[in-house]
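Novice: Shown below is the structure under consideration.
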Amino acid sequence: MGKFITTTLSPPLYARSKLLCFSLLYLFSTIFLFLYVSLSRNQCIFRYSPFDPIQAKLFSYPSSYGEHKYALPTHRSSCSSPIFFSDYWTVLKEIQSILSGSSPKENLRYINGKSESFGGNFSTQKRFSYFNHSNIDVEVPCGFFRDFPVSNSDRVEMEKCGLVVASAIFNDHDKIRQPVGLGVKTLETVCFYMFIDDKTLNSLFHHNVILKNNPSDYRVGAWRIIKISKSENLYLNPAMNGVIPKYLIHRLFPNSKFSIWVDAKIQLMIDPLLLIHSMLVVPEVDMAISKHPFFVNTMEEAMATARWKKWGDVDGLRIQMETYCEHGLKPWSSSKLPYPTDVPDTALILRRHGIRSNLFSCFMFNELEAFNPRDQLAFAFVRDHINPKVKMNMFEVEVFEQVVVEYRHNLKKIESSTYEEQEEEQKQESLRTIQKRRKWLDHESWSLNRSSCKNYLTDMWG
């Protein structure tokens, strides 16, 4: 008997080709979707090529310290103005060449002498009289009318630094956090300095971040710790003491050609050499600073400062704004371009030290001493009125959120260990209590009819 033989017919060639096309289309679509999702969070950051990051941890913190607690989320996943980083080794070579080159012959000359305050406490007219710096032989006020209490050994090391990343923690207000993404040669080229006071040092002792039997040359990972001794030469307000290294960094590090100021509430996530190169060297500017995420006009920031009780002396804020209005403060408009805004986020400041950026920093410090340490309020007035003009790269908020991580300030602080510190803390608390009892905002003070900022407010509100 014959057998039935069953055969399976293969699909025709055109059908197999269509199946292959669909498979490839699915594969490439999946890869594209994966890359898009992976990179969409980082669209502001583009690297030319890989570099060799440091693999080992810079510092191992005790678990009680909590250096990564309370990170603030970012709100922007896209970027209208991305930043491009060149090859690490090319950048390293170029920055080292700049650092080894000769310094400019023209330098600022500073007023020396002694005064009742660290900054000299100059009058309004006197401060503003220095804004037009057309004669390089004229000495300008720039702090240091009292000694800054650092040790001689620290001072010697600070004078050797050619590129510095600096920060400060006073009154145990923040945590020390290590920079991330450093190249293998960065620590040989860049100095990291953290200025702290006694209260912050006691907190570091308490958490065993620094051991008490260590020498006075303290280090925490990348950071060299500079203890600012308690002194009558400084200010009662810890925030004002933090302003000294923030705005007089060119005087504390006189041989530094570049600097990056990092508020202690943020953690640097990109190698500082790449930041300096992409934000200062390539665009050929004096400073780089982020735009404020919400405000464009100085008066908006002033009102928010009063509204959210960021500074308790509302009368002082009103006097400051009226002083600036009387001397020509204007709301932002296209006539101020290439400056895209009047309000920065000053948590991250990059500087190429020179006459223009140093003048701006000096005059900013003078205004902060005269009024308050809220540096966003004086920013536009100083920037718009000084001569020579400072060249600024005011980059997008999205970039800021990619190059740093922001954290909340310390929610719980270590108790002061000495009677003197406790007494000082009680004085500060009494001052804060008095400020809280006041009305946070006197609408009459900001009235269009009574304020010298009437024209400013009319132009701002339309």
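A Cβ is built for glycine as well, from the same backbone N, Cα and C atoms used for every other residue.
Residues or ranges marked as N-linked glycosylation site by Swiss-Prot on the basis of sequence analysis: N121, N132, N449. Per Swiss-Prot, topological domain 'Cytoplasmic' is recorded for 1-18, and the stated evidence type is a curator's inference. What Swiss-Prot lists as topological domain 'Lumenal' is 40-462, and the listing cites a curator's inference. The transmembrane segment annotation in Swiss-Prot covers 19-39 and is backed by sequence analysis.
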Novice: Could you tell me which of these glycosylation sites, N121, N132, has the greatest number of Cβ atoms within 10 Å of its own Cβ?
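Specialist: Most Cβ neighbours within 10 Å: N121.
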Novice: Which whole-number value in Å describes the distance between the Cα atoms of N121 (N-linked glycosylation site) and N132 (N-linked glycosylation site)?
Specialist: 19
Novice: State the mean pLDDT for the topological domain 'Lumenal' (40-462).
Specialist: 88
